[in-house]
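Feature annotation from TrEMBL assigns transmembrane segment to 38-55, 179-198, 205-224, 260-282, 302-323. Look at TrEMBL and you will find 83-127 tagged as domain 'Homeobox'. Residues or ranges marked as DNA-binding region in TrEMBL: 85-128. The feature domain 'TLC' is assigned by TrEMBL to 130-331. The region 'Disordered' annotation in TrEMBL covers 341-392. The compositional bias 'Low complexity' annotation in TrEMBL covers 369-386.
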Amino acid sequence: MAGILAWFWNERFWLPHNVTWADLKNTEEATFPQAEDLYLAFPLAFCIFMVRLIFERFVAKPCAIALNIQANGPQIAQPNAILEKVFTAITKHPDEKRLEGLSKQLDWDVRSIQHWFRQRRNQEKPSTLTRFCESMWKFSFSLYIFTYGVRFLKKTPWLWNTKHCWYNYPYQPLTTDLHYYYILELSFYWSLMFSQFTDIKRKDFGIMFLHHLTAISLITFSYVNNMARVGTLVLCLHDSADALLEAAKMANYAKFQKMCDLLFVMFAMVFITTRLGIFPLWVLNTTLFESWEIIGPYPSWWVFNLLLLLIQGLNCFWSYLIIKMACKAVSRGKAGKWNPLHVSKDDRSDIESSSDEEDSEPPGKNPHTATTTNGTSGTNGYLLTGPCSMDD
């Protein structure tokens, strides 16, 4: 074990040339980031998760009820032992051959069986109230952490001149505010990693898991080798659009459609501007070029920048989806009311919202024979998918 730890904490990988871990030990004059500080993130992540449960129960839920958001779930499928056995033991999405076999066995038409399976899948989906509470929690935390980050950074020299991220590196002391900011962000991402398995399931589960894992790796990595100054710029920049996203989702669930549209436009503008403009031109410029000139590259420098480039790749992917959604909305809006949240069932959307819309049928039609479309209303009176399902 000692040999493994010595290999993992090799100074020639983590630190610039001629710098050792002994040089970064805490003294009476200065405090530096220590790897053991990061253990604090685990109990704090659990505390954040518990605060979330309390917040959703005693703050978000009353707010949702005040906005007439009900906890009504999807319709319950008609009890059927044969279909239930297929659903639980074989498949939740039967193919055409199996549908035809079940049709002959039950003397039902194929569309009735398809409708039953859609309703049965929807039974496991959360209500609009549950979605609202989740979004309100993420909105509240995102707004707080972004506000704190801005207030902290505006007092730092590296916000105004990014070269200060590298002057006197790695002998840059760790301040109390920076330590609090980093540990709180890391704890929040750990809480998201755990809660992602219990939260509303989305089509982009794998992408979001990769995002959270990359974010945790970046925060941990930059803290250990004391790149925390540039790390705060990355964190604050990526927090900037989150509150707008969750606010748009809440407005959507509450049926405040004009407010939702406005918030979506604001979110899209902030997201694309910060992720495709400011981040590469400001942050990547300093991590790739200014740092090269001031401190020079070393092994962990390359890994850090590769992680940042991976984040930028995800930013490009999500920006593409947002632009694609907006283009669909504008093209469809020519024939009716423009609504960016009504057009993105096939993009990065909530699974539970997509399934809701599958079962919403126009009034007066038999649910066993009507077909479904992307424009069908969801459980909240309109489609609940779209960019407002994005979690960054």
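Each residue, glycine too, has its Cβ placed from N, Cα and C.
Predicted, not measured: the structure shown is a model, and the values here were computed from it.
Per-residue pLDDT, averaged across the domain 'TLC' (130-331), gives 93.
Helix, strand and coil counts under DSSP for the DNA-binding region (85-128) come to 30 helix, 0 strand, 14 coil.
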